[in-house]
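Chemist: Let me give you the structure first, and then I'll get to my questions.
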(Lines of atoms letter the chains of each structure in order from A and count residues from 1; the text may use other names and numbers.)
(Lines give C-alpha, C1' and ligand atoms only; values in the text may rest on other atoms or scores of the structure.)
Protein backbone atom coordinates (compact mmCIF):
# COMPACT_ATOMS: atom_id res chain seq x y z
CA UNK A 1 0.00 0.00 0.00
CA UNK A 2 2.88 2.35 0.93
CA UNK A 3 4.67 1.63 -2.32
CA UNK A 4 1.63 2.49 -4.36
CA UNK A 5 1.26 5.85 -2.63
CA UNK A 6 4.96 6.66 -3.21
CA UNK A 7 4.70 5.85 -6.87
CA UNK A 8 1.66 8.01 -7.22
CA UNK A 9 3.61 10.92 -5.64
CA UNK A 10 6.48 10.51 -8.08
CA UNK A 11 4.12 10.42 -10.96
CA UNK A 12 2.66 13.85 -10.08
CA UNK A 13 6.11 15.50 -9.42
CA UNK A 14 6.67 16.76 -12.94
CA UNK A 15 3.27 18.32 -12.88
CA UNK A 16 4.08 20.18 -9.64
CA UNK A 17 7.33 21.61 -11.06
CA UNK A 18 5.41 23.00 -14.01
CA UNK A 19 2.93 24.61 -11.65
CA UNK A 20 5.77 26.35 -9.61
CA UNK A 21 7.39 27.68 -12.75
CA UNK A 22 4.17 29.23 -13.87
CA UNK A 23 3.67 30.78 -10.39
CA UNK A 24 7.22 32.29 -10.28
CA UNK A 25 6.81 33.77 -13.72
CA UNK A 26 3.62 35.49 -12.66
CA UNK A 27 5.36 37.42 -9.79
CA UNK A 28 6.16 41.04 -10.77
CA UNK A 29 9.60 42.15 -9.29
CA UNK A 30 11.40 45.45 -10.01
CA UNK A 31 14.93 45.51 -11.33
CA UNK A 32 18.01 45.82 -9.05
CA UNK A 33 18.79 49.35 -10.28
CA UNK A 34 15.40 50.72 -9.26
CA UNK A 35 15.64 49.20 -5.73
CA UNK A 36 18.76 51.24 -4.81
CA UNK A 37 17.19 54.53 -5.89
CA UNK A 38 13.97 53.91 -3.97
CA UNK A 39 15.93 52.97 -0.78
CA UNK A 40 18.00 56.14 -0.89
CA UNK A 41 14.90 58.28 -1.29
CA UNK A 42 13.17 56.55 1.61
CA UNK A 43 16.22 56.85 3.91
CA UNK A 44 16.63 60.52 3.09
CA UNK A 45 13.01 61.28 3.98
CA UNK A 46 13.40 59.33 7.24
CA UNK A 47 16.53 61.22 8.35
CA UNK A 48 15.06 64.58 7.41
CA UNK A 49 11.73 64.12 9.18
CA UNK A 50 12.41 61.93 12.22
CA UNK A 51 16.17 62.19 13.10
CA UNK A 52 17.27 64.43 16.00
CA UNK A 53 20.40 66.32 14.94
CA UNK A 54 21.21 67.16 18.65
CA UNK A 55 21.16 63.54 19.75
CA UNK A 56 24.91 63.36 20.46
CA UNK A 57 25.25 66.81 22.07
CA UNK A 58 25.32 66.82 25.89
CA UNK A 59 23.54 69.54 27.85
CA UNK A 60 25.80 72.17 29.48
CA UNK A 61 25.13 70.96 33.03
CA UNK A 62 26.27 67.44 32.15
CA UNK A 63 29.48 68.76 30.59
CA UNK A 64 30.25 70.75 33.74
CA UNK A 65 29.72 67.75 35.99
CA UNK A 66 31.87 65.42 33.93
CA UNK A 67 34.71 67.90 33.39
CA UNK A 68 37.96 67.44 35.28
CA UNK A 69 38.97 70.20 37.70
CA UNK A 70 42.29 71.75 36.63
CA UNK A 71 45.21 70.81 38.90
CA UNK A 72 46.13 73.24 41.67
CA UNK A 73 49.45 75.06 41.63
CA UNK A 74 52.45 73.72 43.52
CA UNK A 75 52.75 76.96 45.52
CA UNK A 76 49.25 77.90 46.73
CA UNK A 77 48.12 81.52 46.96
CA UNK A 78 47.76 82.70 50.56
CA UNK A 79 46.63 86.29 49.99
CA UNK A 80 43.09 87.35 50.88
CA UNK A 81 40.69 87.84 47.98
CA UNK A 82 37.10 88.85 48.87
CA UNK A 83 35.96 88.77 45.24
CA UNK A 84 32.69 90.10 43.88
CA UNK A 85 30.74 88.29 46.62
CA UNK A 86 32.59 90.03 49.48
CA UNK A 87 33.86 86.79 51.04
CA UNK A 88 34.67 87.38 54.73
CA UNK A 89 35.28 85.29 57.85
CA UNK A 90 34.29 85.95 61.45
CA UNK A 91 35.39 84.17 64.61
CA UNK A 92 33.62 84.00 67.93
CA UNK A 93 35.08 86.33 70.53
CA UNK A 94 36.73 84.50 73.42
CA UNK A 95 39.30 85.48 76.02
CA UNK A 96 42.65 84.02 76.97
CA UNK A 97 41.44 81.90 79.86
CA UNK A 98 43.07 78.49 80.25
CA UNK A 99 39.70 76.77 79.98
CA UNK A 100 38.92 77.86 76.39
CA UNK A 101 39.26 75.20 73.69
CA UNK A 102 39.41 77.66 70.79
CA UNK A 103 40.30 81.34 70.58
CA UNK A 104 41.18 83.70 67.73
CA UNK A 105 43.68 86.56 67.93
CA UNK A 106 42.66 89.56 65.84
CA UNK A 107 46.08 91.09 66.48
CA UNK A 108 48.01 88.14 65.04
CA UNK A 109 45.26 86.86 62.72
CA UNK A 110 45.82 83.45 64.23
CA UNK A 111 43.54 80.69 65.52
CA UNK A 112 44.51 78.77 68.65
CA UNK A 113 42.64 75.52 69.27
CA UNK A 114 42.94 72.15 70.96
CA UNK A 115 43.30 68.82 69.23
CA UNK A 116 40.03 67.48 67.72
CA UNK A 117 38.00 70.37 69.22
CA UNK A 118 35.56 72.18 66.92
CA UNK A 119 36.27 75.81 66.07
CA UNK A 120 33.23 77.73 64.71
CA UNK A 121 33.96 79.92 61.69
CA UNK A 122 31.28 82.27 60.34
CA UNK A 123 31.13 82.94 56.59
CA UNK A 124 29.73 86.29 55.42
CA UNK A 125 28.86 87.12 51.78
CA UNK A 126 27.58 90.34 50.27
CA UNK A 127 25.29 88.49 47.83
CA UNK A 128 24.11 85.01 47.00
CA UNK A 129 26.76 82.86 45.24
CA UNK A 130 26.02 80.65 42.22
CA UNK A 131 23.97 77.50 42.67
CA UNK A 132 26.07 74.62 43.97
CA UNK A 133 28.88 76.75 45.43
CA UNK A 134 31.13 75.00 47.95
CA UNK A 135 33.51 75.99 50.74
CA UNK A 136 36.94 74.35 50.63
CA UNK A 137 39.47 74.20 53.52
CA UNK A 138 43.14 73.45 52.80
CA UNK A 139 46.17 73.47 55.11
CA UNK A 140 49.62 74.60 53.92
CA UNK A 141 52.90 75.40 55.63
CA UNK A 142 53.62 79.07 56.23
CA UNK A 143 57.39 79.32 55.68
CA UNK A 144 58.79 79.23 52.16
CA UNK A 145 61.20 76.38 52.94
CA UNK A 146 58.26 74.14 53.89
CA UNK A 147 55.50 75.36 51.56
CA UNK A 148 56.11 72.57 49.02
CA UNK A 149 55.53 69.88 51.67
CA UNK A 150 52.06 68.41 52.14
CA UNK A 151 50.42 68.94 55.53
CA UNK A 152 49.37 65.57 56.94
CA UNK A 153 48.65 64.06 60.31
CA UNK A 154 51.46 62.34 62.18
CA UNK A 155 51.68 58.52 61.92
CA UNK A 156 50.72 58.10 65.58
CA UNK A 157 47.35 59.83 65.24
CA UNK A 158 46.68 58.15 61.89
CA UNK A 159 47.03 54.67 63.36
CA UNK A 160 44.62 55.54 66.16
CA UNK A 161 41.91 56.61 63.67
CA UNK A 162 39.76 54.24 61.61
CA UNK A 163 38.18 56.78 59.24
CA UNK A 164 38.89 56.61 55.52
CA UNK A 165 40.22 60.17 55.55
CA UNK A 166 42.36 59.64 58.65
CA UNK A 167 45.41 61.26 57.01
CA UNK A 168 43.58 64.61 56.62
CA UNK A 169 44.49 67.26 59.18
CA UNK A 170 41.35 69.39 58.73
CA UNK A 171 37.85 68.02 59.17
CA UNK A 172 34.47 69.67 58.70
CA UNK A 173 32.16 68.57 61.47
CA UNK A 174 28.37 68.69 61.62
CA UNK A 175 27.73 68.00 57.93
CA UNK A 176 27.07 64.67 56.26
CA UNK A 177 27.85 66.21 52.86
CA UNK A 178 31.51 66.95 53.59
CA UNK A 179 33.80 65.50 50.91
CA UNK A 180 37.53 64.87 51.31
CA UNK A 181 39.88 65.23 48.34
CA UNK A 182 43.54 64.68 47.52
CA UNK A 183 44.95 66.44 44.47
CA UNK A 184 46.48 63.84 42.10
CA UNK A 185 49.26 66.25 41.07
CA UNK A 186 50.33 68.01 44.27
CA UNK A 187 48.95 65.43 46.76
CA UNK A 188 47.51 68.29 48.82
CA UNK A 189 44.47 67.36 50.87
CA UNK A 190 41.32 69.42 51.26
CA UNK A 191 37.74 69.09 52.44
CA UNK A 192 34.63 70.70 50.94
CA UNK A 193 31.10 71.32 52.13
CA UNK A 194 28.21 72.86 50.16
CA UNK A 195 27.54 76.50 50.93
CA UNK A 196 24.26 77.00 52.74
CA UNK A 197 22.54 80.41 52.84
CA UNK A 198 22.14 82.05 56.25
CA UNK A 199 19.12 81.09 58.28
CA UNK A 200 16.32 83.52 58.98
CA UNK A 201 17.48 86.35 61.21
CA UNK A 202 21.21 85.73 60.59
CA UNK A 203 23.62 87.20 58.07
CA UNK A 204 26.34 84.54 58.35
CA UNK A 205 26.71 80.82 57.73
CA UNK A 206 28.70 78.85 60.32
CA UNK A 207 31.01 75.91 59.63
CA UNK A 208 32.82 73.80 62.22
CA UNK A 209 36.53 73.15 61.69
CA UNK A 210 38.55 70.67 63.71
CA UNK A 211 42.27 69.96 63.51
CA UNK A 212 43.28 66.37 64.17
CA UNK A 213 46.95 66.77 65.10
CA UNK A 214 49.01 68.97 67.42
CA UNK A 215 51.44 71.48 65.98
CA UNK A 216 54.25 69.81 67.93
CA UNK A 217 53.60 66.24 66.72
CA UNK A 218 56.73 64.48 65.46
CA UNK A 219 56.34 63.11 61.96
CA UNK A 220 53.53 65.58 61.26
CA UNK A 221 53.69 69.37 61.52
CA UNK A 222 56.70 69.07 63.85
CA UNK A 223 56.38 72.64 65.20
CA UNK A 224 56.14 74.11 61.69
CA UNK A 225 53.69 76.99 61.29
CA UNK A 226 50.65 76.29 59.11
CA UNK A 227 48.03 78.38 57.33
CA UNK A 228 44.44 77.41 56.63
CA UNK A 229 43.10 78.55 53.25
CA UNK A 230 39.31 78.80 53.10
CA UNK A 231 37.94 79.38 49.59
CA UNK A 232 34.50 79.89 48.06
CA UNK A 233 34.33 77.94 44.79
CA UNK A 234 31.92 77.00 42.04
CA UNK A 235 31.18 73.31 41.37
CA UNK A 236 33.78 73.52 38.56
CA UNK A 237 36.52 74.59 40.99
CA UNK A 238 36.56 78.28 40.05
CA UNK A 239 37.65 80.36 43.06
CA UNK A 240 35.18 83.14 43.93
CA UNK A 241 36.82 84.26 47.19
CA UNK A 242 39.72 83.39 49.49
CA UNK A 243 40.64 83.96 53.13
CA UNK A 244 43.76 82.77 55.01
CA UNK A 245 44.65 82.60 58.70
CA UNK A 246 47.36 80.95 60.79
CA UNK A 247 46.52 78.02 63.07
CA UNK A 248 48.25 76.64 66.14
CA UNK A 249 46.96 73.39 67.64
CA UNK A 250 48.07 73.20 71.27
CA UNK A 251 47.06 72.02 74.73
CA UNK A 252 46.34 75.50 76.16
CA UNK A 253 45.11 77.93 73.47
CA UNK A 254 44.41 80.80 75.87
CA UNK A 255 47.88 80.75 77.41
CA UNK A 256 49.68 80.49 74.07
CA UNK A 257 47.64 83.33 72.58
CA UNK A 258 48.41 85.59 75.53
CA UNK A 259 52.12 84.77 75.33
CA UNK A 260 52.33 85.40 71.58
CA UNK A 261 50.44 88.68 71.80
CA UNK A 262 52.67 89.94 74.61
CA UNK A 263 55.83 89.00 72.75
CA UNK A 264 54.58 90.66 69.55
CA UNK A 265 53.92 93.95 71.36
CA UNK A 266 57.42 93.88 72.89
CA UNK A 267 59.18 93.20 69.61
CA UNK A 268 60.41 96.82 69.08
CA UNK A 269 62.10 96.71 72.53
CA UNK A 270 63.80 93.42 71.85
CA UNK A 271 67.38 94.50 72.75
CA UNK A 272 66.20 95.78 76.13
CA UNK A 273 64.68 92.41 76.85
CA UNK A 274 67.94 90.65 76.11
CA UNK A 275 69.77 92.95 78.49
CA UNK A 276 67.28 92.20 81.24
CA UNK A 277 67.64 88.48 80.65
CA UNK A 278 71.40 88.77 80.91
CA UNK A 279 71.17 90.72 84.16
CA UNK A 280 68.70 88.32 85.75
CA UNK A 281 71.28 85.66 86.73
CA UNK A 282 73.17 88.29 88.76
CA UNK A 283 70.62 87.70 91.53
CA UNK A 284 72.33 84.42 92.30
CA UNK A 285 75.74 86.07 92.55
CA UNK A 286 75.40 87.12 96.23
CA UNK A 287 74.98 83.49 97.25
CA UNK A 288 78.27 82.61 95.60
CA UNK A 289 80.02 85.62 97.11
CA UNK A 290 78.97 84.55 100.57
CA UNK A 291 80.53 81.17 99.93
CA UNK A 292 83.70 82.80 98.67
CA UNK A 293 83.80 85.18 101.63
CA UNK A 294 83.41 82.34 104.06
CA UNK A 295 86.29 80.62 102.34
CA UNK A 296 88.48 83.73 102.49
CA UNK A 297 87.80 84.14 106.17
CA UNK A 298 89.21 80.72 106.90
CA UNK A 299 92.90 80.06 107.22
CA UNK A 300 95.16 79.74 104.19
CA UNK A 301 95.78 76.07 104.85
CA UNK A 302 92.08 75.21 104.99
CA UNK A 303 91.50 77.23 101.81
CA UNK A 304 94.08 75.18 99.95
CA UNK A 305 92.73 71.87 101.22
CA UNK A 306 88.95 72.31 101.01
CA UNK A 307 87.07 72.22 97.68
CA UNK A 308 83.50 73.52 97.28
CA UNK A 309 81.10 72.54 94.50
CA UNK A 310 78.35 74.93 93.42
CA UNK A 311 75.56 73.65 91.14
CA UNK A 312 74.53 76.27 88.60
CA UNK A 313 71.53 76.10 86.23
CA UNK A 314 72.08 77.73 82.86
CA UNK A 315 75.15 78.60 80.83
CA UNK A 316 74.93 82.34 81.46
CA UNK A 317 74.87 81.93 85.22
CA UNK A 318 77.82 79.57 85.02
CA UNK A 319 79.85 82.13 83.06
CA UNK A 320 79.01 84.87 85.55
CA UNK A 321 79.95 82.75 88.56
CA UNK A 322 83.10 81.63 86.78
CA UNK A 323 84.16 85.24 86.24
CA UNK A 324 83.46 86.05 89.88
CA UNK A 325 85.54 83.08 90.99
CA UNK A 326 88.38 84.07 88.69
CA UNK A 327 88.25 87.61 90.08
CA UNK A 328 88.54 86.32 93.64
CA UNK A 329 91.37 84.01 92.70
CA UNK A 330 93.16 86.84 90.94
CA UNK A 331 92.72 89.07 93.98
CA UNK A 332 94.07 86.32 96.22
CA UNK A 333 97.12 85.85 94.01
CA UNK A 334 97.77 89.57 94.02
CA UNK A 335 97.46 89.64 97.80
CA UNK A 336 99.94 86.81 98.13
CA UNK A 337 102.39 88.51 95.79
CA UNK A 338 102.01 91.77 97.69
CA UNK A 339 102.71 90.04 100.98
CA UNK A 340 105.84 88.43 99.55
CA UNK A 341 107.15 91.78 98.36
CA UNK A 342 106.40 93.35 101.74
CA UNK A 343 108.33 90.61 103.54
CA UNK A 344 111.34 91.11 101.29
CA UNK A 345 111.31 94.86 101.87
CA UNK A 346 111.18 94.55 105.66
CA UNK A 347 114.55 95.46 107.28
CA UNK A 348 116.21 93.00 109.66
CA UNK A 349 115.55 93.72 113.30
CA UNK A 350 118.81 94.42 115.27
CA UNK A 351 119.62 92.73 118.52
CA UNK A 352 118.62 94.39 121.77
CA UNK A 353 120.83 97.30 122.88
CA UNK A 354 122.01 98.06 119.39
CA UNK A 355 120.68 100.35 116.74
CA UNK A 356 120.91 99.59 113.10
CA UNK A 357 122.84 102.22 111.20
CA UNK A 358 121.49 103.13 107.81
CA UNK A 359 123.75 103.79 104.84
CA UNK A 360 125.14 107.31 104.93
CA UNK A 361 124.45 107.66 108.65
CA UNK A 362 127.27 107.99 111.20
CA UNK A 363 127.38 106.06 114.40
CA UNK A 364 127.44 107.70 117.84
CA UNK A 365 131.07 106.76 118.34
CA UNK A 366 132.09 108.77 115.29
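Cβ atoms here come from the backbone N, Cα and C positions, even for glycine.
So Swiss-Prot lists these for the protein:
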DNA_BIND  80-267  DNA-binding region
BINDING   154, 157, 213, 217  Zn(2+) binding site
COMPBIAS  255-264  compositional bias 'Basic and acidic residues'
REGION    1-41  region 'Transcription activation (acidic)'
REGION    248-255  region 'Interaction with DNA'
REGION    255-305  region 'Disordered'
REGION    305-336  region 'Oligomerization'
REGION    332-366  region 'Disordered'
REGION    341-362  region 'Basic (repression of DNA-binding)'
Chemist: Around the Zn(2+) site recorded as 154, 157, 213, 217, what other same-chain residues have a C-beta within 8 angstroms of the site's C-beta center?
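Modeler: Surrounding the site, in chain order, are 153, 155, 156, 158, 212, 214, 219, 220, 221.
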Chemist: If you average the pLDDT over the region 'Interaction with DNA' (248-255), what number do you get?
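Modeler: Within the region 'Interaction with DNA' (248-255), the model's average pLDDT equals 97.
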Chemist: Give residue numbers and ranges for long-range contacts of the region 'Interaction with DNA' (248-255): same chain, 6 or more residues beyond its ends, CB-CB under 8 A.
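Modeler: Same-chain contacts beyond the ends: 94-103, 110-115, 211, 213-216, 221, 225.
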Chemist: In the region 'Oligomerization' (305-336), how many residues does DSSP assign to helix, to strand and to coil?
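Modeler: Computed counts for the region 'Oligomerization' (305-336) are 23 helix, 0 strand, 9 coil.
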Chemist: Three states by DSSP: which one describes residue 213 (Zn(2+) binding site)?
Modeler: coil
Chemist: Ten-angstrom check, please: count other Cβ atoms within 10 Å of the Cβ of residue 213 (Zn(2+) binding site), all chains counted.
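Modeler: Neighbour count, Cβ to Cβ under the 10 Å cut-off: 24.
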Chemist: Would you mind listing, in sequence order, the residues at least six apart from residue 217 (Zn(2+) binding site) in the same chain with a Cβ closer than 8 Å to its Cβ?
Modeler: 153, 154, 156, 157
Chemist: For a three-state summary based on DSSP, what are the helix, strand and coil counts in the region 'Interaction with DNA' (248-255)?
Modeler: 3 helix, 2 strand, 3 coil
